[in-house]
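Among the features that Swiss-Prot reports, signal peptide is placed at 1-18. The domain 'LysM 1' feature in Swiss-Prot is assigned to 52-96; the stated evidence is sequence analysis. The N-linked glycosylation site annotation in Swiss-Prot covers N105. What Swiss-Prot lists as domain 'LysM 2' is 123-167.
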Amino acid sequence: MQISELFSILAVVGVAAALPQATPTTPTPTSASAAATISATSSPTCXPGPVIDYTVVSGDTLTIISQRFSSGICNIADASGITNPNFLSLGQVLQVPTYVCTPDNTSCLAKEGSDTCVEGGPATHTIVAGDTFFLVAQSLGLDVNALLAANEGVDPLLLQIGDVINIPVC
């Protein structure tokens, strides 16, 4: 009787049988092939999440929203068409890229100015919604301390829409 016939008979009666298996041998990898295997299998991939609609509520900032959705301030600003990432409106609907692989938190932020005066510029600025001393100084290329010095007695934390501040002119 052949082994194959024996297995056929055992299968008919519902008995499981297994042939003895040869012990498999695994080739020992060389250092180069082991390194290639490790680097090929251990490189993480990033799959960003979907872009969602988010409605701004009281207390929201792009920093808070970006942290909530694993995004970047500038990723959200760019996707939402925001030119001033320091100013959001209640009820504003943002496009928020979620789980961004490389969050961008700097490219959309204006750099701090370094000039002490504005050459031939306006001597005053009327405060509008969203203005701060820092943002006004940034927009004019001024060092914020130069703007503060030109406005002695003005508390930068108490600015109101319509207030007029001095701009240091060269």
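Using N, Cα and C of the backbone, Cβ positions are placed for all residues, glycine too.
DSSP assigns the residue listed as 'N-linked glycosylation site' to coil, not to a helix or a strand.
In the domain 'LysM 1' (52-96), the DSSP tally of helix, strand and coil residues is 15 helix, 8 strand, 22 coil. For the domain 'LysM 2' (123-167), the DSSP counts in helix, strand and coil order read 17 helix, 7 strand, 21 coil. Long-range neighbours of the domain 'LysM 2' (123-167) within the same chain, counting only residues 6 or more positions beyond its ends whose Cβ lies under 8 Å from a Cβ of the stretch, are 84, 86-87, 110-117.
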